[in-house]
Structures are given as structure tokens and as C-alpha cells.
Amino acid sequence: MIRDLLLGLRLAVGGGRISGQALLRLAMTTLGVALVVAVLLPAASINTLVSEQDAREAAQVPQVEPRPGVDPLYRLDWFIDGGDDYLRAVVVAPDGPNAPVPPGLDRIPAPGEVVVSPAAADYLASPAGEPARARIGGTVVGEVGKAGLGLASDRVVYVGDTAERLKGEDYTTPVYGFGAEPDGLALDITTAAFVAPVAVVLLLPLLIFVTTASRMGAAQRERRLAALRLLGVSGRQVRRIAAAESLVGAVAGLVLGGALFLALRPLIGHLDLFGMRFFPEDFVPSWPLVVVIALLVPGLAVGAAIFGLRRTIVEPLGVVRQGKPARRRMWWRWSVAALGGLLMAGTLLADERSNATPVGLALAAGSSLLLIGVAALLPWAVEKLVAGLRGGTPAWQLAVRRLQLESGTASRVVSGLVIVLAGAILIQTLVGAVSATESEGSRWQAATPVAAQVVGDDEQVDEAASLLAGTDGITAVHEVVAAPLRAAGDGSGWHGQVLIGDCAALASRAELGTCADGDVFSVGALRESSGLAMPEPGARVRFYSYGGDGEQTDGPQWTLPAEVRQVPADQAAREVSSILLVTPGALGGVTPSDAERVLYVTGTGAPARVFEAASLAVGPLSWEVDVRPALAVSDSSRLDETTRTMRGMLLVASIFVLAVAALSLLMLSIEQIVERRRPLAALSAAGVPLSVLARGSLWQNAIPVAIGVVLAVVAGIGITLPTLRYAGLSLSLDAGLIGIVCGAAVLAVLAATALTLPLLRQVTRLDGLRAE
Amino acid sequence: MTEPLLAGRDLHKSFGPTEALRGADVAVRAGEVLAVMGPSGSGKSTLLHCLAGIVRPDSGSIRYQGRDLVEMSDGERSALRRTDFGFVFQFGQLVPELTCLENVALPLRLGGAKRKPAEARARQWLERLEVGDLGDRRPGDVSGGQGQRVAVARALVSDPKVVFADEPTGALDSLNGEKVMRLLTDAARGAGAAVVLVTHEPRVAAHSDREIVVRDGRVKDLELAA
């Protein structure tokens, strides 16, 4: 047996006399296996990646239970919104020498000292980080180590302060230690529902590529095996030799894939995915999965080679192919597709926007199974459809007859394209739907829009107002009071918010028209999406507040005036939709119980610059006030960036997979031309123009692709609809995009056909006629 | 003496350092069956390829109905092969994915004929060559002898002036070879087509009207000299 395997290995490398086709097969198998391995190894590392991050984050969880002999470390989480980005600052102050040191820090920073993570340092050094830099102040004395971060992209700043200042703050917690049990891996079902089909989209074409590559040059190999049979090699030995031949490319691919993974791993630290960067050293594949990959992927290549011989009887005097191909087993193909379809259809029984785990799992499994099922059914669909094709030009006839004779291989190759198309439709539609939903809502802005909101305690708000007044670029600072309000009664009715301010302040949030003290305005629909109606004019409502335990405490009652003016939602800022705008005179002396003072800052120039000016102005107050950009300013740019990142990634993945599928198609075309060089040369000798043969080749590639594209669009929309329903998104099919992706598939066919033309030209020369 | 239908004069052709033809003269008269004989590697197949316009000789001339094939472009020669010439090779010339009927009809379809009349005519030729019942089968499903008869039908279906046959029975047993040769020559004579038959077997050459022998790339056709 070892001798057979060694002979196979020797035949594969050819002792320096390797033929061009065998070399191409070896190179393609190696490349295909390497790509599969290079994709699978990072996937096999996700478990380690998540658990490492989980363990570090768990080690950072503060423990607030007092411990004997340990002094408390006062800690205040301070979330700094930098306009375009966020930064997490932790203000710390030890109340004794034995206070615990947070993970990732060498020591607790003293007042005026700052310790920053690498990502935070980069951000603070950039122009965008200027407002945050002004607010944090202090001197940077160190770097937060990996133990203090979850991801490499975490922007964390530890700011030293005095215990006296922190003790009096509402949100300060005394910490006596750090560390908690990791939560363990919790699979996010919604993520799984989106990620599972993406993984199928990426992997299946690669696996198809590997099987196609390992079966390349089959005819030549079979003739060589027949020669070995003549020398007394048995049929079983022939299979072992063939397996060993394929093993060379598979093992070479495994090594190359591993090397690719190791070489590219350091670059992962520079890869920015939706603002997330990972530690490259966290990408360590788990050993059981590495063993599975090392056995499974080469096994697939070898299995494909042996499977390819199943209908071929290698005899000493040549190769015999069984006349009638084995009947295609349909049961499993239909079963996979039907199971996928049933799972997807089953989710339609669940409530819309249902976040139930079984629904998510059913979607993840259903969409993956449906994609695989469609790919598995494609050969059957192509066979059935081409069986009915008749007539046409000689080129068309050559293609159709060829497909009627054997369409399975072409269909298998095309199924890679189908999966890409269907998957791209799913992902792009999801991205489009998310973007459309996120960008829903009013885009109304006052002539001088609110650029920043400053929130804080009474004393700090007063100080902030005086700091803002007279700042260059800031034209007005309006003060409003925000308070929670609900319908009077048992608390089961409408809950909302009220904004109390003078007409000028309220006019910066909505188009009020005429306004006088004593007026009340209701913004948006009278009935909320929850179905609860907003209070009618004259209705009794009650202010309330939240206790430390989250319990509601009733405040004073208030009766709405007889006239409440309606402001359409599209004539108010998005964030004030469905709330009441109240001038102080309308309250009749009632004081809300849980009021939050907010300063609306407006100014000249771009809102981002006004926000920057406001942040710089209130810098001296550091963490004692919260400065936020107006929602309309920040959200749209963040969403655009996320959408751009997603589209960019999808485009790269689509092009990669399309290129792989096109390469498979090219290999198949080369294979078929080489196998048919004799009749092609004879046809050419008889005067058949090359263009007829080339068009035949084009049709032969194009027919399965056309059928595949139709199936892909149907399957893509089919798996998209239930997923959108699950996520509560509305369908917004991008016909242009589907056209572009389909066009890319057509381009792949044209490119694969065009690249075979030189070979076609070569085999139709005299050499092809003399080759035997 | 009438002008020959096809005449090659002083033909030279080399493949790298190998001189396949070193001054060959040959004439083919309308309707005659000419056997080109010679040992293996003597250059007889190269001579056939030159005469058929498949390859261009390095020097010399090939005149067909008053036109010099050497001067023609590749496209013109392809068109000529499609309309005026037919071909039968030793094996592997039928398109495996097409049925035998479609294979025979293919030259007519390429000439612009509609499918139905082309296939009707192809069926007549298959019957004439005694393989009328094979029309719906693919080449891979018929025997070697039957396949060669289908190839002969395809070569003759477009009423060529000349049929080039390169070792047409080389892959057949003697009985089948004999039958194919009889059918080929009878059908060609019946259609008024000349046949240029390359063979090294005297038994096959016996079906010809005239023989010439190629040795070391040289041949002197006495007909041409006359």
C-alpha cells in the first residue's frame, strides 16, 4: 500500500518531467486548498478570540463588596462623545495605599495624570480628538496594557483625580477589587442568522474550486493509470495511486494555507471592522478544529479525485467510461432545500420582529440549507432545462448538446456563482434595509441647528452656561428642562417626556410658528407605534422620577391646557418626536420631580465645529458635565461609515468568491477543450471557423450561468424576506445592485471563455490533428 | 489533357529542422480517386494538409480551379474547405456531443442551411452509407466502422469537389475497412467528387484509380508532368 502511495506521489511530481496540465492541476489544487485553509483557520480562531476577550473583560469587572485590608478605589465612568467617535474615560482616585490597581495599569494615576490605551492615544493625537483632549486635560504618564482592554480598538483613558472630588458624585462607585467569572460563550442568535449564510457563501465556492481542481486533467491521468494497469497494477491499487497523486497538492495547499494564515495574522491588528480592531495574538485556532481542518480539507481533495473515478473503469488496454451516468440522487438535494424552505417558512408563523432564539436559529439554519439546496439542485435544474432545448445555430447546438451529454460539472462550478449571487442579494438587502430604517425619521433642522447639548447638575450647568457665553462661534445657549411624564392613573397608559423651555429654546427643536409663554406643543403622531395615544388636551398627567432601584416614584400631577398645538413630526428634530414641548407658563407653578437641565448650544459654521467649540469651552469642567453632539449631526456620519465598511467588505468578498468561481469555470473550459482537441481540430480542418467553436464554448458556459442567476435571484429574495421580517426591516431591493452582481457573473463567464481562446486556437491548428 | 482540378507544384514544408516536403508535385483530376502512398513519416499526411489548405507550404504553389491556395488568407482557405472540400480522418473527428445525424448535418448548417432540410439531406446520406438507423445515436455509442461511415457521410453531404481521406481505415479491422473504402469510393464517384486518399496499405489503395508514392518528402506525379 505504501508503495502505491509513493508511486502516486512520484507520478504527481513527475520527477521533473511533469506535464503542463498536471502542473496546472497541482498548482490549482494547492491554491484552492490553501485558500480554504486560510479562510477556515481564522474561523477556527473565533472561539479563542471571543473567549480571550471575554476573559480580559471579566477580569476588569469591578468588585464593590468591601474587603478587609483593602482601601476603596473610587471610580467614575465617563463616556466622552467626541462627535465623530466615542471614548471611555474612567476617573479613578484611591482612598488609601491599599486600593486595587485596575487591570492593564502599572499604578493608579495621580490627580492630573492620565493613562491611555494605544487606540485612545491615536485618537487624542488626531484633530478629531481635540475636544476630548481639551476635556480630559492632564498629563499622559502611561499606556493601558492588553489586560485592561477587550479589543485592540478600545479607546480607554484612566484619569487620576482626588478621592474628595469623586466621593460626592452620584455615579461614583467604591471598588475593592477586579475580576469576575467570564460569562462564557453566548452565541448571539441574530448574528448567527446573518453570519451563517455569509460563511456558506464564502466557503462553498472554495470547496467547489478544490474539487474541480483536483479532478482537472482526469482523462490524461486515467490514460496513465491504464498504462500502469497494463504493467499489472490492480484496480484497487489504481485508486490508491490516484489518491496519493491528489494528496500532494492537498498537503502543499495545507502548508501554504497555514503559512498564509501566519503571514497575514499580524495584519489583522490593522484591520478595522466597523471600528473594531482585534489583537492578532488572540487569533489562535483551537487545536481540535485545526486537526479537523488538516484532515478534512486534504480529504476532500483526495475524495473528489477518487469520486471522479467512480464511473471510470481503468483497464490495461485503456479507459472505459460507463455508458449511462449513474442516476442523480435527488432525495437528499430536495431534502436539504425543502428543510431549508420549511425552516424559513416556519419563521413566518412567529411574530414580526420576534427576537426569539428558535426563530433566529431557524433562520440561520434555514438560509444556509436553502443556499446549499439551491446549489445542489442546480445540476438537476440545468439538466432538465437543457433537455428541452432544440434548434438554434451550430454554435448553440454544440453547446446545448454538450450540456445535454454532461452538464453536471459545469453546474457544480456555476453553483459557486449562484451562492455568491444569492448571498450578495441577502447581505446587500439587509444592509440597505438597515440603512433605510436608520435614516428614517425627520431631517428637520432649525435655521441655526442645535450642535451640542450640555447636561449636568445645577451648579455645573450654570458654570457651563457662563463658560459657553461669549465663546467664539457660539451664538446662543438655550436652556430647557427635560422630565419624564405619564398619563395619570395606574401607570399602564402613555409614558413620555416633556421639554420645558422658553419659545426661543423650543423653536430650536421644532417649527412652532407663533409661540407665547403658556403654549404647549405635541410633536408627531397622536398615537405612538406602541398603540398608546398621547394625552388629549385637558387630560391629567403626572410627573414621575426613578429611584436608585429603578422603581418609579410619583411626582406632582399636571393638567394639560385646553389647547395643545400639534407639530408634524417632519417639522421637528427627530429626537423630539412624540414628546410634549411646554413653555414654563403652561405649568401653572407645577415643578417636575425629576428634571434634567439641558443646554442647547447653537452657533455659526458647521455643527461639528460648533460642537468642538462647546467641548473646548466647557473643558475645565471635565467629567462634571456631559457634552453630546446633536443626534442629527453624529448619527448620519456614523451610519454612513458603517454602511460603507459593510459594502466595501461585501464587495471584496464578492469579487474574491467570483474570481474563485471564474477560475473554476476557466479550469473546466480548459479541461473540456483539451479532452476534445481531436474533434475540434478535425472541425477546424473542415473549415469550421474558430468563432463558431468559441461561441459554442461561450454558450456552454453561459446557459448554466443564466439558469443559475435566475435561481440565485429567486433564492436570494426567498431567504432575504423572512430574515428582514425577523429583524423588523422593510424590503428595499436594490435592482441596480442585483444588476451589477449579475453583470459581474456574466463578466466572469466572458472572461473565462475569452481566456480559453488561445488554447482553442492552439488545438484547432494542425498540431491538434497530429496529436494522436 | 484537361487542366487538373487541384495541383500542387514544387511544394516544400518544414516543421522546425524536419523537412516534411522537399519538392512535391501532385495533380488531382475531377472525380478521380488518387491514392497517396508511402511509408510512415514520408510526408504524405503533410502533403494532404497542404493540398487541403489546412497548412500553408513554405514554398511552391497549389492551384484549385484557377486560384492559388497559397495566396489565400486563412479565412478564405477555411471557407473553401467548408464549401468545396470534405474530410475523413483516421478517428476522433466526430463531435462527441452531437448525434450522428447532427454531425452529418453540421457542414450544411454552417453553410447557412435551415436545420430541417439540412437534417433531411443528412439522413439521406446516412442511409446511402448504410447507417441510416444510427441518426439519433451519439458517436460514442456506435462502433468504429459505423463512426467512419458517418464521417464519410459528413464529408460528402455538402457536395464537395474533393474529399481528403487521411488513413480512413487505419483504426478499423480489415472487414470494416474494406466496407468503408467501398462505400467511400462508390459514394464519391456517384457524387462526382475526387478523393485524395492517404494510406500505406496497398489493399486500401486498390480502391483508387491512380497511385502516387511519397518518399522522403518528394513525389513526382506523372500526370502533372504530362
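Start at 1 and count along the chain as shown; that gives each residue its number.
Positions of Cβ are set from backbone N, Cα and C atoms, glycine also.
The structure displayed is predicted, hence computed values, not measured ones.
Residues or ranges marked as domain 'ABC3 transporter permease C-terminal' in TrEMBL: A:199-311 (among others).
In terms of DSSP helix, strand and coil, the domain 'ABC3 transporter permease C-terminal' (A:652-761) has 98 helix, 0 strand, 12 coil. What TrEMBL lists as domain 'ABC3 transporter permease C-terminal' is A:652-761 (among others).
Residues or ranges marked as transmembrane segment in TrEMBL: A:23-44 (among others). Counting same-chain residues at least six beyond the ends of the transmembrane segment (A:23-44), those with a Cβ under 8 angstroms from any Cβ of the stretch are 12-13, 199, 202-203, 206-207, 209-210, 212-214, 216-217, 246, 248-250, 252-254, 256-258, 260-261, 264, 268, 283, 285-286, 289-290, 293, 297-298, 301, 660, 663, 667, 670.
The feature transmembrane segment is assigned by TrEMBL to A:192-214 (among others).
Residues or ranges marked as transmembrane segment by TrEMBL: A:246-267 (among others). Taking Cβ pairs closer than 8 Å, the transmembrane segment (A:246-267) reaches residues 5, 8-9, 12-13, 25-38, 40-42, 210, 213-214, 280, 283, 294, 297-302, 304-306 in its own chain, all 6 or more past its ends.
Beyond the transmembrane segment (A:287-309), the same-chain residues lying 6 or more positions past its ends with a Cβ under 8 Å from any Cβ of the stretch are 29, 32-33, 36-37, 40-41, 44, 47, 207, 210-211, 213-215, 218, 222, 238-239, 242-243, 245-247, 249-251, 253-254, 257. Residues or ranges marked as transmembrane segment in TrEMBL: A:287-309 (among others).
Annotation comment: TrEMBL describes A:330-349 (among others) as transmembrane segment.
If you look up TrEMBL, you'll see A:361-382 (among others) marked as transmembrane segment.
If you look up TrEMBL, you'll see A:648-668 (among others) marked as transmembrane segment.
Taken from TrEMBL, the feature transmembrane segment covers A:680-699 (among others).
If you look up TrEMBL, you'll see A:705-724 (among others) marked as transmembrane segment.
A Cβ distance under 8 Å defines the sequence-distant neighbours of the transmembrane segment (A:736-760), meaning residues of its chain 6+ beyond its ends; these are 417, 420-421, 424-425, 428, 432, 654-655, 658-659, 661-662, 665-666, 669-670, 673-674, 680, 690, 693-694, 697-698, 701-702, 705, 708-709, 713, 716. Annotation comment: TrEMBL describes A:736-760 (among others) as transmembrane segment.
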Quiz item: Who are the chain neighbours of the transmembrane segment (A:680-699) in space, where the CB to CB distance is under 8 Å and they lie at least 6 residues beyond its ends?
Solution: 393-396, 398-400, 402, 669, 673, 749-750, 753, 756-757, 760-761, 763-769, 771
